[in-house]
Amino acid sequence: MMQVLLVTISLAVFPYQGSSIILESGNVNDYEVVYPQKITALPEEAVQQPEQKYEDTMQYEFEVNGEPVVLHLEKNKDLFSEDYSETRYSPDGRETTTKPPVQDHCYYHGRIQNDAYSSASISACNGLKGHFKLQGETYLIEPLKIPDSEAHAVYKYENIEKEDEAPKMCGVTQTNWESDEPIKKASQLVATSAKRKFHKTFIELVIVVDHRVVKKYDSAATNTKIYEIVNTVNEIFIPLNIRLTLIGVEFWCNRDLINVTSSADDTLDSFGEWRGSDLLNRKRHDNAQLFTDMKFDLSTLGITFLDGMCQAYRSVGIVQEHGNKNFKTAVIMAHELGHNLGMYHDRKNCICNDSSCIMSAVLSSQPSKLFSNCSNHDYRRYLTTYKPKCILNPPLRKDIASPPICGNEIWEEGEECDCGSPKDCQNPCCDAATCKLTPGAECGNGLCCEKCKIKTAGTVCRRARDECDVPEHCTGQSAECPADGFHANGQPCQNNNGYCYNGDCPIMTKQCISLFGSRATVAEDSCFQENQKGSYYGYCRKENGRKIPCAPQDIKCGRLYCLDNSPGNKNPCKMHYRCRDQHKGMVEPGTKCEDGKVCNNKRQCVDVNTAY
């Protein structure tokens with residue numbers, strides 16, 4: 001039996017419904033005024049935790065176009081990690097890192113009742129603010145600033161007055177990959193989604209806020225903006241079974257820590273260098289996005305490295321912020337992350353169930369939240385080809401910050417199991433209604449659970465992927481497989497041709513093969529002398545757009561030179577160089593550069609015993 005608590009919000013007369021009004025998103029030509037009524041449905045035995053300000057699930061009822069709609073909301077428990085932190089800098093350059101309380105946050109995902117294709121991303125911090133999709137149309141909702149009133153404005157995205165400006169586009173250009181495999185039509189995507197679910201992946205994200213944005217907004221407004229944007233990006237990636245978790249935010253309060261210029265390419269290159277040599281050493285994460293107010297050349301609104309996810313210098317992106325148009329900024333960020341995950345710009349034959357798709361090279365006047373059939377195809381290819389380790393391992397239950405939500409198929413602290421909703425659950429060990437184990441069951445989820453029993457101690461639950469990885473074994477006490485580990489950095493591998501680095505064995509031969517094919521090998525030592533020149537092609541690193549030559553002892557940590565043995569193309573000193581992706585083709589961190597030495601994140605050849 002359910003108890004239904006109906007909170008009726010007093011109505012106020014608002015005389016300007018339907019006319020033009022200036023709202024947070026800009027000048028809106030047509031809108032409705034609504035008064036959401038909150039409907040809280042709790043099980044009879046449920047008790048709301050007194051210290052919890054924001055409920056885990058909520059429902060609101062209001063009218064759109066004269067028809068009642070019920071908005072179901074569920075707190076986005078993936079939004080923050082357990083160790084979420086914020087870093088700021090004082091005028092003298094000292095960094096201060098804090099860990100604000102984020103468990104009881106007010107950011108939700110949702111859906112509209114009786115609309116199977118609906119979705120929503122909502123902030124409930126002060127009224128309802130965000131967007132929802134209803135009957136194929138994208139609507140925005142926000143509170144009206146009227147004293148003692150619960151009035152909200154609801155309007156279609158298309159009714160925001162457009163700025164008179166040149167078309168905005170993505171700065172990624174090397175997106176001409178085509179496959180011989182047939183691309184599924186949009187109508188086929190729904191039919192096959194249940195059969196071909198994407199493997200669940202987890203991206204731990206850091207947002208870096210440049211000095212222009214820090215000066216533009218106060219601290220609270222900047223935080224709210226970032227949370228709303230990441231909440232929406234998280235929602236956009238749900239159909240691909242990707243979960244984004246915010247690990248931290250870094251604010252460049254006093255000055256930019258790189259040279260942010262109107263050249264998007266140079267800024268991206270500098271940001272990648274900084275992330276690989278600085279941020280990655282301080283903060284564990286998978287990807288970093290620079291949030292900037294710089295107006296880039298060529299109407300560029302974002303740029304990133306294709307296939308760059310999990311790579312020290314390439315798992316980054318640049319996103320231009322668009323004032324209070326958080327939905328637009330979120331779509332740009334999702335687009336750039338899509339490139340990091342192997343997605344190319346949509347080609348002519350690419351379609352989705354919308355007028356445009358996320359990976360369009362030019363941002364539509366009505367930005368879409370949908371990936372095309374081509375993007376789905378590209379992402380599958382990326383997972384198969386690159387097998388990006390950093391995003392394939394789920395966070396441990398203790399690392400999830402938000403309270404558990406029964407029925408979301410994520411086994412969280414406080415739950416004995418979670419197999420989804422009662423309608424979808426196929427697990428005989430778990431009671432879907434309560435997330436409790438069925439009588440006689442020892443476990444219901446986890447890699448160390450089999451036929452409702454915990455596997456015996458010593459049973460392998462995660463096999464070693466290669467010689468630098470280690471297998472994980474069940475403890476006999478828990479159904480959860482221990483955290484993924486690997487051999488210590490610096491352990492010899494590949495017959496002493498390399499040293500282990502973060503679970504991989506990076507050697508130059510494999511990197512040459514990746515760039516130029518199976519016939520490629522490492523070039524003669526004389527080729528690497530080019531890296532001492534600090535030339536257009538040969539250098540060790542870049543600082544504020546200037547190419548720094550390698551010191552003599554570091555030449556094998558700069559640009560990689562290979563011997564291409566393919567027929568008709570025997571170049572003794574071949575290297576990979578693209579103006580728009582200068583990190584690709586550099587020797588990877590952790591690579592052996594001499595006996596007993598490896599390349600560190602600063603592209604220096606250092607003793608393996610002191611490198612880590």
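Keep in mind that glycine also has a Cβ here, set from the backbone N, Cα and C atoms.
Reviewing Cys350, Cys357, the cysteine that Swiss-Prot connects to Cys352 via a disulfide bond turns out to be Cys357.
For Cys374, the cysteine that Swiss-Prot lists as its disulphide partner among Cys350, Cys390 is Cys350.
Swiss-Prot lists a disulfide bond between Cys390 and one candidate from Cys310, Cys468, Cys474, Cys481; that candidate is Cys310. Of the listed candidates (Glu204, Glu467, Glu472), Swiss-Prot assigns Glu204 to the same Ca(2+) 1 site as Asp286, Cys390, Asn393. Per Swiss-Prot, Zn(2+) is bound by His335, His339; the candidate from His322, His345 named for the same site is His345. Record source Swiss-Prot places Cys461 in a disulfide bond whose other cysteine, from Cys430, Cys435, Cys481, is Cys481. Calculated from their C-alpha atoms, the gap between Ile405 (Ca(2+) 2 binding site) and Cys357 (disulfide bond) amounts to 31 Å. There are 19 other CB atoms within 10 A of the CB of Cys390 (disulfide bond), with all protein chains counted.
On its own chain, Asn408 (Ca(2+) 2 binding site) has Glu74, Lys77, Asp418, Gly420 as residues at least 6 apart in sequence with a Cβ closer than 8 Å to its own Cβ. Shown for the domain 'Disintegrin' (403-489): DSSP residue counts in helix, strand and coil, namely 0 helix, 15 strand, 72 coil. Ranked by Cβ neighbours within 10 A across all protein chains shown, the binding-site residues His335, His339, His345 are led by His335. With every protein chain in view, the residue among the recorded positions Glu336, Glu412, Glu415, Asp418 whose Cβ has the most Cβ partners within 10 Å turns out to be Glu336. Looking only at the recorded positions Glu336, His345, Glu412, the one with its C-alpha closest to Cys390 (disulfide bond) is Glu336.
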